[in-house]
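Visitor: Straight out of Swiss-Prot:
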| type | residues | note |
| --- | --- | --- |
| TRANSMEM | 6-26 | transmembrane segment |
| TRANSMEM | 50-70 | transmembrane segment |
| TRANSMEM | 77-97 | transmembrane segment |
| TRANSMEM | 114-134 | transmembrane segment |
| TRANSMEM | 148-168 | transmembrane segment |
| TRANSMEM | 183-203 | transmembrane segment |
| DOMAIN | 220-464 | domain 'CN hydrolase' |
| ACT_SITE | GLU259 | active site, proton acceptor |
| ACT_SITE | LYS322 | active site |
| ACT_SITE | CYS372 | active site, nucleophile |
| TRANSMEM | 474-494 | transmembrane segment |
Amino acid sequence: MYKTKIICFLLGILSGLVFAPTFFIPALFTFSYLCYIVQKSQNWQAAAKFGYLFGFGHFLSGMYWISIGVSVYIADFWWAIPFALFGLPIILAFFISTNCTLSFFAKNNKYYQLIFCLLWVLFEWIRSWICTGLPWNLIGYAFSFSEILIQPLSITGIYGLSFIVIYIATSAYPVFSKNFTKLKILLASSMLILTVMVIYGAMRVSTNPTHFTDIKVRLVQPSIPQTAKWDEEEFWHNLMLHINLSEKLEPTDLIIWSEAALVVPDDIPQVKLELLNMLNSTNAILITGGISDNKKHGDKFELYSAMYALDKNNHKLFEYHKSHLVPFGEYMPLKKILPFKKLTHGLIDYKEGNGGLVYIKKYHLKIKPLICYESIFPNFVQTNNEIADVIINITNDSWYGKSSGPYQHFHISRSRAVENGLPMIRVANNGISAIVDPVGRIVKKLNLNEINYIQGLIPQKLTTPTIFSQFGNFAMLLPIVFILLIHYLLSLIFDD
């Protein structure tokens, strides 16, 4: 049993490599071993331990980069690094452990593997909302290396794709028990499912070439180190770097800066002057991340992480406040119990906004705004493309250095475009900035650590709404029913 525990932990670490940037797809079949060892466990306690150790390794290798973010201000938060590196995997591993525990009680069921897969997706969904939610590295994102294989997102959403992926990933589990009849059923059904996915994905991509609006957009990526971003001595250098990257000879309609690009109010006279000079020289509208407040004092004062638009006449065209805040980063949960300050700059916690759409009248452009972390929540982003034209996602991934975090964040965000049939304009201070079309094609992009800008046109949205955008998570029932039907029919063929 000791040896099995070590194997589960090591395979869990290997399984974390299925996500960006490695996309080591052979590691998907580590889940087959987990599925097998749970079924063969002597009791539910053993199944729970095997699942927990696998889960701990899985989240340790997949989300280690969070500790890098904590280490940015190491003098103040050195004590939090072990909690970020090990504490989060320790907690998240319980989701996989519980899945394995419940699956154990179905070990003699003819459809054990299907039950394991259904429970896997159930706990991914629970993970997306419990304690504010963290739907990061859902197993469906393992297929985001391929624009063809992610097309089912338009129908099923990420949870439906997760069910497909975990079904395929566990299809080899009978090889360990030498149950070759079951193996034939699962491998045949997996191959059939993959074939359908490839055909559907290829058809959807080929029949939806990228078409563009006439709205010109400039994405600015200054790649300012996190330690310099809030440094008063670096403020003017940082602002002028943004402006220099924005003021180019090519005409543009929109200039987009990243999350918290403006770390001071835009109405400070000298800041306002520089911004208006830039907007007059480019004849553009600026969409930027910044800090906003409710203009009140004392106990009524509230601070927001904002996205807003300014024109050359100093009119604020819209202001959006971030709705999904990062626990411990932008606010301290249980503040009366935990006597710590948040990780980001300042002593005051940010307040939640109300979500929704924003509008730029000049271009008749209806925008679904997303600030950073908000893009990982599929239900929050779910938007019918009959009421929105584009997703604009601003972020700051400079916290996480050259780790896997910025790559994972990009591919998670990109999935929202496919789900909703909307183009995405993604602008990172540092990370991956890109123009993405409504089927997930990367039209143009800047890589991690590049200091540059992208000039391009906003892609057109799809002409019809996606199934997911209309029905949300209910649409995940479609692949479940489809796979159950295939599994049943192949069982009739191969079973003795």
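FYI, residue positions are counted from 1 along the chain as it appears here.
Yeah, the Cβs are placed from backbone N, Cα and C, and that goes for glycine too.
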Visitor: Below 8 angstroms Cβ to Cβ, which residues of this chain, lying six or more residues outside the transmembrane segment (50-70), approach it?
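Guide: Contacts of the transmembrane segment (50-70) (Cβ under 8 Å, skipping residues fewer than 6 from its ends): 4-5, 8-17, 19, 30, 34, 37-38, 41, 77, 80-81, 84-86, 88-90, 92-101, 136-137, 329, 343, 399-401, 403-405, 408.
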Visitor: Measure from the CA atom of CYS372 (active site, nucleophile) to the CA atom of the residue listed as 'active site, proton acceptor' and give the result in Å, rounded to a whole number.
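Guide: Answer for this pair: 7 Å between alpha carbons.
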Visitor: In terms of Cβ proximity under 8 Å, which residues at least six beyond the ends of the transmembrane segment (183-203) contact it?
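Guide: Same-chain contacts beyond the ends: 113, 146-152, 164, 167-168, 170-175, 482-483, 486-487, 490-491, 494-495.
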Visitor: Take the transmembrane segment (148-168) and find every residue of the same chain, 6 or more past its ends, with a Cβ under 8 Å from one of its Cβ atoms.
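Guide: Beyond its ends, the transmembrane segment (148-168) has Cβ neighbours at 28, 31, 113-114, 116-118, 120-121, 124-125, 135, 138-142, 189-190, 193-194, 197-198, 200-202, 204-205, 378, 415, 418-419, 421, 439-440, 466-468, 472-473, 475-476, 478-480, 483.
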Visitor: Where CYS372 (active site, nucleophile) and LYS322 (active site) are concerned, what is their Cα separation in Å, rounded?
Guide: 9
Visitor: Helix, strand or coil: which one is CYS372 (active site, nucleophile) in, per DSSP?
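Guide: DSSP assigns CYS372 (active site, nucleophile) to helix.
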Visitor: Can you tell me which parts of the same chain pack against the transmembrane segment (114-134), counting only residues 6+ beyond its ends and a CB-CB cutoff under 8 A?
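Guide: Those are 35, 38, 92, 95-96, 98-99, 102-103, 106, 159, 162-163, 166-167, 170, 324, 327, 333, 376-379, 473, 476, 480, 483-484, 487, in sequence order.
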Visitor: Can you count the other CB atoms that lie within 10 A of the CB of the residue listed as 'active site'?
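Guide: The answer is 26.
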Visitor: Measure from the Cβ of GLU259 (active site, proton acceptor) and count the other Cβ atoms within 10 Å, all protein chains considered.
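Guide: So the Cβ neighbour count for GLU259 (active site, proton acceptor) comes to 25.
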